[in-house]
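Chemist: Checked TrEMBL, it gives:
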type: TRANSMEM; residues: 23-45; note: transmembrane segment
type: DOMAIN; residues: 27-484; note: domain 'Major facilitator superfamily (MFS) profile'
type: TRANSMEM; residues: 65-85; note: transmembrane segment
type: TRANSMEM; residues: 92-110; note: transmembrane segment
type: TRANSMEM; residues: 122-140; note: transmembrane segment
type: TRANSMEM; residues: 161-178; note: transmembrane segment
type: TRANSMEM; residues: 184-203; note: transmembrane segment
type: TRANSMEM; residues: 290-312; note: transmembrane segment
type: TRANSMEM; residues: 332-350; note: transmembrane segment
type: TRANSMEM; residues: 357-377; note: transmembrane segment
type: TRANSMEM; residues: 389-418; note: transmembrane segment
type: TRANSMEM; residues: 462-480; note: transmembrane segment
type: REGION; residues: 498-523; note: region 'Disordered'
type: COMPBIAS; residues: 514-523; note: compositional bias 'Polar residues'
Amino acid sequence: MSTGTDAVPAAVAPAKRQSINKYAFACALLASMNSVLLGYDISVMSGAQLFMKEDLKITDTQIEILAGVINIYSLFGSLAAGFTSDWLGRRYTMVLAAAIFFTGALLMGLSPDYAMLMAGRFVAGIGVGFALMIAPVYTAEVAPTSARGFLTSFPEVFNNFGILLGYVSNFAFARLPVHLSWRAMFLVGAVPPVFLGVAVLAMPESPRWLVMRGRIDDARRVLQRTSDSPAEAEERLADIKKVVGIPEGVSDADDVAAIVRDKKAGGAGEGSAAVWKELLVNPSRPVRRMLVAGLGLMFIQQATGVDCVVMYSPRVFQRAGIKSKTNSLGFSMAVGACKTFFIPISTLLLDRIGRRPLLLASGGGMAVFLFTLATSLHLMDRRPEGEAAALGAVSIAAMLSFVASFASGLGPVAWVYCSEIYPLRLRAQAAAIGTGLNRIMSGATTMSFLSLSDAITIAGSFYLYACVAAAGWVFMYFFLPETMGKSLEDTVKLFGKDADDDVDVGGDGRKKSSTSTELSAQR
C-alpha cells in the first residue's frame, strides 16, 4: 500500500527558474552596446536638423535625404558585415563597426557644408550597418537556450537607450549658438565608439565561429562558461559540430581542425558564393519559408513608420500644438523615454510567454494607436482652437502609446526572431539581408515622410502606416511559428526539413515530412 509521501510524485513540485548565466549576460551586454550608435544617430538628427537648416540654409528635401540616407548607406555595411563576420570573426567585426562610426561622427560634427555632412553620413551609415547585423547574431550564438530571447533582445534595448541619449543631447545643446549646437550634437556621438571598441576586446569569440574555424577546444571553453550546465555545453557543441559537418566520433584535436580546413580549402572560394546562391537563387522550401518569415518581419518593423516618429518627433509635436522649438525638443525626450522604459516588458517576457504573443499584441496596439493619431491630427484642422488643443493632447498620447507598443514587442522581438530562425551556414548572410531590408525600409520612410506629408497631409501618412501595421498583424499571425525554448539548431526545423538535416525514412524508402503539422501546432 502506498504511503502519503509515495502518492505525490516529486515531479509535481514547481521547478525553480534557471538563473541567468552571468558570463553570457556580460557578453550579450557588451555586444549589444553597439546598438547605441544607431539609436543615437537617428534621434540626434531629429533636433540637429532644426539648427542645421537655419545654419546651412538647406531645404526640407535636403533635410529628409540627409536624415534617411544613413539607412541606405547602412545597407552596404550590413552586407559587408556578413562577409567580415565569417572572415575576421564576430568580435573583430564589432571593433570594426565602432571604428567606422567614430570616423563618421567626427566627419559630421566637423562638416563645413552639406557635401561633407553627406560624406560623414555615408561613413557613419557603414558603421551602423555593421553594428546592426553583428550584435544580434553574436548574442544569439553565445546565449544559452534558456535565456536566448532575453539576451538577444539587448541590442534593441541599447538602441532605444541610444535614442534617449540623442534626445537628451538635442535638448542639452539647443541653447548654444546655431552654428555650434548641431555640431556639438554629432561630436558627442564620437565618444561611445571609443569605449565600445575597447570593451569588445574583452569578450570571447562566438563558439559557432570557432567551430567553423576548427578551434574546437576554444569553442568548448566558451560554451562551458556561457551554458547553464556542463551537459548543456557538450550538447550545444555537438549540435554545432553536426551543423558544420564534422562527423561523429572524430576527435576534437588536430584531425577535426584538418577536416574543417580541408572543407574551407576545397570550398572556401565557392562557399560564400554557394551560400548566396542558396539564399537568393535556388533556396529550398524551408529556406524560402525562413526568408519569408524573417524578411517579412523586418519589412513590417520599419514600414509602420516608427523611425519617422523618432526622427521627426519635434515636427509632429509642433503639429500637435507645441510651437516652441525648445519645448518640442523637450517633449521629444518623452518618445525616447517610452522606447527605453517599455522595452523591458518584452525583454522579461520573451522566454516566459513566447515570441508570437508579444508580436501580435504589439502589432495590434500599433495599428490602433496609429489610427487614433491620424484621426486626431485630421480632426484638428476642422475644430476651433479650444477643441483643437484637446485633440492635440490625444495626438501626443496616441503617438507615445504607439512608440510604447512598438518597444514592448515588435521592436526587440523582430531582431530576436530573425537571429534564431536560420541554419548556421546561412545565418550571417541571411541576417545581413534582413538587416539590409530593414535599413532600406527605414530609409524609404524617413526620406519620404516630409514629402508624403505635404502630398497627403501628416494625418494621411499615419493612416497609411496604420494600414501597414494591420496587414503586418495578419502576416505575423499566419507565417511566424513560435521559437521559444528551442535550440538554434532545432528552431530551423520549424520551417521544414533542411537539405543538410537528417530525415526520417519510412519502410517504403520515402522521406517523412512533418512541416505542416509543426507549423500548425505553433499557431
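Just so it is clear, glycine is given a Cβ too, placed from its N, Cα and C backbone atoms.
TrEMBL does not curate its annotations; it predicts them automatically.
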Chemist: Where among 23-45, 92-110, 290-312, 462-480 do we find the most Cβ pairs under 8 Å to the transmembrane segment (389-418)?
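Modeler: The stretch I would name here is 290-312.
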Chemist: Can at least 3 Cβ pairs under 8 A be found between the transmembrane segment (357-377) and the transmembrane segment (65-85), with each pair 6 or more apart in sequence?
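Modeler: No, these stretches are not in contact.
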Chemist: In the same chain, which residue numbers or ranges, 6 or more beyond the ends of the transmembrane segment (65-85), come under 8 angstroms Cβ to Cβ?
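Modeler: Contacts with the transmembrane segment (65-85): 38, 41, 45, 49, 52, 58, 92-93, 96-97, 100, 114, 117-118, 121-122, 124-130, 132-134, 137, 209, 272, 307, 311-312, 428-429, 431-433, 435-436, 439-440, 442-449.
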Chemist: So, do the transmembrane segment (184-203) and the transmembrane segment (92-110) meet, by the test of 3 or more Cβ pairs under 8 Å (sequence gap 6 or more)?
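Modeler: Yes, the transmembrane segment (184-203) contacts the transmembrane segment (92-110).
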Chemist: Considering only Cβ pairs under 8 Å, which range in 92-110, 122-140, 290-312, 332-350 makes the most contacts with the transmembrane segment (462-480)?
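Modeler: Selected stretch: 290-312, with the most Cβ pairs under 8 Å.
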